[in-house]
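Since the structure comes first, as structure tokens, the remarks are kept for the end.
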Amino acid sequence: MINKNTSLRMQSIVFIGFMGVGKTTIGQKVARKLYRDFIDIDQEIEKEFNMPTTEIFKKFGEKAFREKEKSVIESLSQQQLKIISVGGGAFLQEDIRNICLSNCIVFYLDLSWEYWKERIGLLIDSRPVLQSRSLEEIEELFYTRQEIYSYHHSKVNTNDLDVDEVADFIVDSLKVAWDIYEPLK
Ligand SMILES: Nc1ncnc2c1ncn2[C@@H]1O[C@H](COP(=O)(O)OP(=O)(O)O)[C@@H](O)[C@H]1O
Ligand SMILES: O=C(O)C1=C[C@@H](OP(=O)(O)O)[C@@H](O)[C@H](O)C1
Ligand SMILES: [Mg+2]
């Protein structure tokens, strides 16, 4: 489903995966390593509403957040040469999946539940989707959500890798893919 009209080297990279797997942190690192601009979709949504995500959910509801998420991604994923981190719920929307998969290289950051659950304390205050749920319910959501992350072009399992190791792996694998599919003359 990769767009055949755009050079692979020009395509933006989109990071997907469950809340807290590191999309924002690793996206920033990869952007720095590839000298590209970084866009975090949640930060763009927060700028538009001029408030944090937890407030958006409280004041306007999840539906308003999802509508804005879709319009922001539809517009920004058309740009080339960007590194884009989308929120963990973005791929619930088929339109978002399709636009990202056809315009960009979609990288899935995979982390096992046993590792993920150690991070919950870092996440709970800023992730409204986690706030109303018990640990058992979060685990169920974690496994249910895996289906939407199966839509990707490339994947890395980040268990036991620090942020720099993950970013280096991604940059190296992108360079290999670019060289194989579009060798420089
Ligand atoms: N590979 C990693 N190893 C350890 N901690 C990580 C790793 N990647 C991210 N983190 C930490 O996990 C937390 C969530 O990361 P974040 O980038 O906000 O995730 P996401 O954007 O996927 O929700 C942050 O505190 C971040 O420092
Ligand atoms: O998975 C989700 O439903 C969400 C993930 C969050 O982004 P991160 O995946 O960057 O935490 C953010 O978009 C919002 O809180 C909803
Ligand atoms: Mg994020």
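Any Cβ shown, glycine's included, is placed from N, Cα and C.
TrEMBL annotations: computationally assigned, not manually curated.
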- [ ] Figure out which of D42, D125, D168 sits with R66, G88, R145 in the substrate site per TrEMBL.
- [x] D42
TODO: Look at the ATP binding annotation in TrEMBL, where G20, V21, G22, K23, T24, T25 are given, and name the residue from R97, R127 listed for that site too.
DONE: R127
TODO: May I ask which of the binding-site residues G20, V21, K23, G88, R145 have a CB within less than 6 Å of any atom of ligand 3, listed in sequence order?
DONE: K23
Task: Integer Å distance between the CA atoms belonging to G88 (substrate binding site) and V21 (ATP binding site) - done: 9
Open item on the list: Any of the binding-site residues D42, R66, R127 with a C-beta atom under 6 A from ligand 1? Give them in order, or none.
Closed with: none
Task: Cβ packing number for R66 (substrate binding site), 10 Å threshold - done: 16
Task: In sequence order, those binding-site residues of V21, G22, T25, R66, R145 whose CB lies under 6 Å from ligand 2 - done: none
Open item on the list: I'd like to know which of the binding-site residues K23, R127, R145 has the most other Cβ atoms within 10 Å of its Cβ.
Closed with: K23
